[in-house]
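As recorded in Swiss-Prot, the features of this protein are as follows:
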type	residues	note
DOMAIN	1-57	domain 'IBB'
REPEAT	103-143	repeat 'ARM 1'
REPEAT	146-185	repeat 'ARM 2'
REPEAT	188-228	repeat 'ARM 3'
REPEAT	231-270	repeat 'ARM 4'
REPEAT	273-312	repeat 'ARM 5'
REPEAT	315-354	repeat 'ARM 6'
REPEAT	357-396	repeat 'ARM 7'
REPEAT	400-439	repeat 'ARM 8'
Amino acid sequence: MPTLDAPEERRRKFKYRGKDVSLRRQQRMAVSLELRKAKKDEQTLKRRNITSFCPDTPSEKTAKGVAVSLTLGEIIKGVNSSDPVLCFQATQTARKMLSQEKNPPLKLVIEAGLIPRMVEFLKSSLYPCLQFEAAWALTNIASGTSEQTRAVVEGGAIQPLIELLSSSNVAVCEQAVWALGNIAGDGPEFRDNVITSNAIPHLLALISPTLPITFLRNITWTLSNLCRNKNPYPCDTAVKQILPALLHLLQHQDSEVLSDACWALSYLTDGSNKRIGQVVNTGVLPRLVVLMTSSELNVLTPSLRTVGNIVTGTDEQTQMAIDAGMLNVLPQLLQHNKPSIQKEAAWALSNVAAGPCHHIQQLLAYDVLPPLVALLKNGEFKVQKEAVWMVANFATGATMDQLIQLVHSGVLEPLVNLLTAPDVKIVLIILDVISCILQAAEKRSEKENLCLLIEELGGIDRIEALQLHENRQIGQSALNIIEKHFGEEEDESQTLLSQVIDQDYEFIDYECLAKK
């Protein structure tokens, strides 16, 4: 992700109604980054193989059918032998050590100097099961830390693994795919090493209708890792190679294939408008919207994330998502039983609301406000925060009539209640929204009615109390609202205060306190 903006930078997005639409659109990415910062990716970076076996030879036995158990010293001696059977026995034993579910001895195997010989075994085309065991062992070493993955890369494994993608032995080929996926998943450096070694055409050539589903899952996952990470992003050439395959994979029925294909697209759209354009121009949006209706959480989450990323783009890109039917689905997702989905849906809607007023009008046309208000009232706090951002964007860019509809939706009651929230940013944003709505009401000569409504909701008491908040910005914002919009009551309180002073009573300087 790009460098995260400071919280105050994000807050500026919502402060002034009438801010230029293009500027608000440019600032959308900060909202995306805020959500991404707080949430770990659900997709696995690396995977360790514990269960695979080579179909040509039983994995627990030697060629003579006798189970083998070797010490580390015997393994080292075996892998350095010129006897293929001894090499196989030693490599298989090392692989089994590396396949332990708990505490596999990755460091021990690396320090024993086994990687160079295992890389050599990848080239042993006369012994496919030796190739398989070596590829499996390297897969599991590459599933470890970046330092352990580096040992595999610097051992020269990438090119021989790519060559194994052309192996006639399906198990060997699939294991090579898995190893490359682990290497690419480590970060942009090794991802680019795999790309520049020309792995992508070989991976794409493997995709076929007759491919076993486990194999196709591994290919899709490896492709997603080739789309993953930034600083730098994957090169344009790689993206252009992979995109058609991802569109093809999105038509599959397997949820794991769909999930990883969607995650790949989410990585590709988590960037500049140009990168978003590369994806939306393929025509993928209608299919993504369909996948947003999936009952499988592992499909719904990345498809929703991808569409959410897309609407951080230009007005035109956002309109393409709307035209694809996004707003038919998002209001339903606000009512999903998973708070994580509610939050992502609210975030996506907040980015639509950051656009021009005709996008806000489409939000109203699809009746987004009722479920949003329900979340503000009853959602988990992390979801309420995202809903507040959406309301703030709405209020910042809305026309007068749209603001009236916002007030009529009942949004003020939960906003007033959230003024006691422990999150400084959220309180500041709510105060800005209230100020924005009051200013609009003043232009329509409706301020008195709105002030009465805010008073009935307990808003005046809460805003007055915030003048004493330990955060100076909150105190000043609250003071500004009271002075500007509830001036008559302020005049009465000043009269009472003067009477107290005349009677020589001790008093507290609230304005001074508010500025501390």
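Residue numbering: from 1, along the chain as shown.
Keep in mind that glycine also has a Cβ here, set from the backbone N, Cα and C atoms.
Nonlocal intrachain contacts for the repeat 'ARM 2' (146-185), taken as residues 6+ away from its ends with a CB within less than 8 angstroms of a stretch CB, comprise 45-47, 49, 52-56, 106-107, 110, 115-116, 118-119, 122-123, 125, 128, 131-132, 135-136, 138-139, 191, 193-195, 197-199, 202-203, 205-206, 212, 214-215, 218-219, 221-222, 225-226, 228. Summarised as a single figure, the pLDDT of the repeat 'ARM 1' (103-143) averages 98. DSSP states for the repeat 'ARM 2' (146-185), grouped as helix (H, G, I), strand (E, B) and coil, give 34 helix, 0 strand, 6 coil.
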